[in-house]
Amino acid sequence: MEGESNGGMLYHEVQEAKLCAVHCVNTVLQGPFFSEFDLAALASDLDTKERQMMQEGTVSAAASGDFLSAESHNVSLGGDFSIQVLQKALEVWDLQVIASDSPVAEHAQIDPDLENAFICHLHDHWFCIRKVNGEWYNFDSLYAAPQHLSKFYLAAYLDSLKNSGWSIFLVRGNFPKEFPIASSEASNGYGQWLSPEDAERIIKSCNNTQSPQRINSTQQDSNPYQEILLEMEDQDMKAAIAASLMEPSQSMSRVETGSPQKDDEDTKDDNKDSEDKKPQ
C-alpha cells in the first residue's frame, strides 16, 4: 500500500491579490509548482498561437479582427486567466481538464467520489476541490485553510455549485506524488503546508465570523472575487431568512391574532366618536 502523499500534509494557498487561478492550479498539483509569471507566459504563448491561426485561416477579417487585436484573450488586465491557460499548465504534468457536462464525464456526474480533483469557476474566481490521501477537501483560496468534505456532501456541494451557475471541470491523469517540502521553493509567500488536524482547527477557529471559513478581507488586498462570493452568501442568507419569515403557519397566526384586535380597536373608536357626537 502506497504511503500518504507529501507525508500526509495538505498544501493550501491563501488568496493573494487576484491570483486565484495560480492558487487553483497549485492546489490541484498539491505544491507551489507555478507562479503568476509562469501562467502569464502560457497565456502569451496561447495568444500568439491563436493570432497565427487566425492569420493563416480562411475566416473573414471581421471575424478575426478581435483575435488579432493587442488585447490578450487568455489573461485579463486584472490578472484573471482563461481555462485554456489552466489546461496548458496542468498538461505539463500529464493532467487533462474535462468539462463536467462532457459525455466522457458521465461517471463523475453519477459518483464524483471516483474522481480525484475538480476545478470550479464563476465570476473570475477559480478554486479546486481535491481528494488528498483518500479524503476530499475544498481548497478555495478565500478559505483560511482546506475545508474537509464528506463523500456524501461532495456530490451535494457540486450540484449546488452547478445550480448556482458555476462551471465545473474534472481533472484526470497522473497527479504528482510528492513535492519536496524542504525545498526553498516551498515558500512563495501565500502557500502553506498543513496537517488535516491543523486545517480543521483553523476552520473551527473561524466559526464566529460572518463567513466561517473565508479569510477576513482586512488580511489581504481588496479582492473582487471575495466580494462577489461573500455577496452571494449574504444573498442566500437573506433569502433563507425571508423564507422563514413567510411561513404559512406564521402568516396565518399573525392574521388570526392581529385582525380581531384591530377590529375591536376600530369598534371602540367608532363608539367613542358616537358618544362625542351626542347632543349635550
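Backbone N, Cα and C define each Cβ position, glycine as well.
Pulled from TrEMBL:
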type: DOMAIN; residues: 7-186; note: domain 'Josephin'
type: ACT_SITE; residues: Cys20; note: active site
type: ACT_SITE; residues: His125; note: active site
type: ACT_SITE; residues: Asp140; note: active site
type: REGION; residues: 243-280; note: region 'Disordered'
type: COMPBIAS; residues: 247-260; note: compositional bias 'Polar residues'
type: COMPBIAS; residues: 269-280; note: compositional bias 'Basic and acidic residues'
Quiz item: How many Å separate the Cα atoms of His125 (active site) and Asp140 (active site)?
Solution: 9
Practice problem: Determine the Cβ neighbour count for His125 (active site): the number of other Cβ atoms within 10 Å of its Cβ. | Solution: 23
